[in-house]
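Okay, structure first, notes after.
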Amino acid sequence: MVTLSNVGADVEKNIVPEVNDASKRDSDNASADFQPGVKRVRAVASVWSKKTLWLTFALLYLVAFVDMLLVSVQSTLNPFITSSFEKHGLLASVSIVATILSGCSTLTLAKIVDVWGRIEGFLFMLLVVVVALIMKATCKNMEAYVAAHTLYWTGHIGMIYCVDVMLADMTTLRNRMIMFSINNTPTIASTFAGPKIADLFFSNLNFRWAFGAFAIMLVGVSLPVIVIMLFMERKSVKAGFLVKEKSGRSAWESIKYHLIEFDVVGIVLITASFALILLPFSIVVYAPKGWATGYIIAMEVVGVVCGAIFLAWERFLAPVQFLPFKYLKNPTIIGSCLLYGVMFASALLTITTAGYVLNSFSLSSAILAPGIGLYTGNFKWAAYAGIPFMLLGTALLIPFRQPNTSIGAVTITQVLVGIGTSFFSVCGQLAVMSVVSHQEVAVVLAIWGMFGSIGASVGLAVAGAMWNNILPSQLYRRLPEESKAMAAQIFGDMQLQMSYLDGTPERDAIVGAYADVQRKMVIAGVCMMPLVMASIVIWRNVNIKKQEEEEGSQTTGNIF
C-alpha cells in the first residue's frame, strides 16, 4: 500500500508513484460529500512535503504582511483624502458601503472557493484589489474615490478570507488558531510602519503614489503562492489523487449554473437593504430638509422592502440559499457571529501619531493572539477572559476623551481593548469551525465575516450619524465670532483644521468639539458590552483537543 506521506515525498522529487489503492483515493478525494474546490485542496495536501507546506505558510505570511501594511497606510490616509475633496464628513459613508458589500460578498466567495477552487478565489480577489488601487491612484473626485474604496475593501476582505480558508485547509483544528494568530502578527510591524509610510507619501509625494506602489508589491508577493498551489495541484493529478472532470455544460448553461449557485439575486438584495437603511444616518446632515427629505425617506423604505424581499427569496424561492440558515440554528455559530458583530470604537495629531493611537489595539491583539491560540482548548472560558479587558478599555475612554488627557492614556485604553479583542477573535473563529466538517469551513468563516462586517457597518452608521449631526453644531458653538462663518469649511477640511496652531481659539474650538462627539460615541460603545457576554453564553463548551483525539482530524493529508 502507498501511504500519503510516501506519495508526498515521491511527488516532491518529481516521481509519480503508482497508486493502486483506489478505494482509499476515492474515499479521501473523490467523495461526493466534497465539492470540487475542497477535493482539490485535499488532494494537494496529500502530495506536498513538509518543506512545501512551510514554504506556503511563509508566502501566505508575506501576503498578509503587505496587505496589512496597505490597510494601515490607506486607513491613515483616508481622512486626508476625503478632506482633499472637501468631503471629510463623508468618511463614514465611504466606509459603510465598502464594509457592507465586502461582508456580504464573502458568502459568494465561499461558493467560489468551494466550487472553483481556493486559488481561483484568491486570484479573483487579487485582481479586484489591483484594479481598485489603480482607480484610487487616478481618481479625480469623491464619487470615483468612493467606488474605488468600495472595490478595494471588497477585494481586501476577500483576499484575507481566502488566506484564512487556505490556512484552515493546511492545519488541524487544534493547531489552526496558532497559525491564524501568527499570520496576524504583521500587524505589529504595520502599526508602526504604516502611519510613517503614509506620512512620507503624503508629505513628499502624494497619496496616489502610495496606492500605485502597493499594487505592484501585492502582485509580487501573491504570484508565488498561486504558482506553488497550481504546481502542486498538477502533481496531485499525476499522482492520481485528483481526477479532473468536465461539467458537460454549454457556455450559457455554465453562466446560468453559476448565477444560481452564487445566488446573485440574494447578494444584491441584502447589500442594497443594509446600504439603504444605514447610509441615511451619515448623509442626512447634507439633505435639504434632514429626515423629511424625500430621497432619505425613500432610501429607508426601499431598504426595508429589499430586506423583506431577501428573506422571502431565501426562504421560498432561491434554488441555492445565499445565507445557509441551517448554520444559524447552531448556538455556537450564531453566538460567535453575534460576538464578532458587536465589536467597535484619534485626537488632532500628526498623521503618524494618529495612526499609532488608532492601531494600538490591533498591535496588542496581534502580540497576544498566538499565545492564546496555543493554549486554547476550552475556547468558551478563554473568551470570557477577554470581557474585563474590553469593558475596562472602552469604559476608561469616557473620562479620557478630554482635550487635556495625555495621548499615552488614550493609547493604554486601546491596548486594553486589543487584549480583549485578541481573546474574542481567536476564540470566535475557533468556535464556528469546531462544530462543522472540512466541507463547511469556508461557509461558516464567510458567515462569521459577514456578521462582523454588518456589525461594523452598524457601528459606522451610528458613529457617522453622531459625527455629522453633533460635530458641526459643536464646532459652530465653540468657534470665535470672527470664524463662525467658516464652520462648515473647517468641518469638511482636515488640513485646514490642522493649520491652526495650538493655543489659538480656533484650534481649541476644534479640539473641544472633537472631544465632545467622541465621548458620546464611546458611551454608545459601552452600552453594547452586555451583548458581548450574551453572545458567549450560548456557545457550546467544546474542548477541541479532546474532540480531535476522539473524532480524528477535520482536514487530511500532510498538514500542520
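Quick reminder: no glycine exception, Cβ is built from N, Cα and C everywhere.
Since the structure is predicted, the reported quantities are computational estimates derived from the model, not experimental observations.
Noted from Swiss-Prot: of Asn29, Asn183, the annotation N-linked glycosylation site belongs to Asn29. At the 8 Å Cβ threshold, with sequence separation of at least 6, the transmembrane segment (115-135) comes into contact with the transmembrane segment (211-231) through 3 or more pairs. Sequence-distant neighbours of Asn404 (N-linked glycosylation site): no residue of the same chain at least 6 apart has a C-beta under 8 Å from its C-beta.
Away from its own ends, the transmembrane segment (211-231) comes close to residues 44, 52, 55-56, 59-60, 62-63, 65-67, 69-70, 73-74, 118-119, 122-123, 126, 129-130, 133-134, 136-137, 159 of its chain (Cβ-Cβ under 8 Å, at least six residues beyond either end).
By the count of Cβ pairs under 8 Å, the stretch nearest in packing to the transmembrane segment (146-166) among 53-73, 177-194, 264-284, 291-311, 522-542 is 53-73. Of the candidate ranges 53-73, 264-284, 291-311, 522-542, 53-73 has the most C-beta pairs within less than 8 angstroms of the transmembrane segment (177-194). Non-local neighbours of the transmembrane segment (291-311) in the same chain are 266, 269-270, 272-280, 283-284; each lies 6+ residues outside the stretch with a CB under 8 Å from one of its CB atoms.
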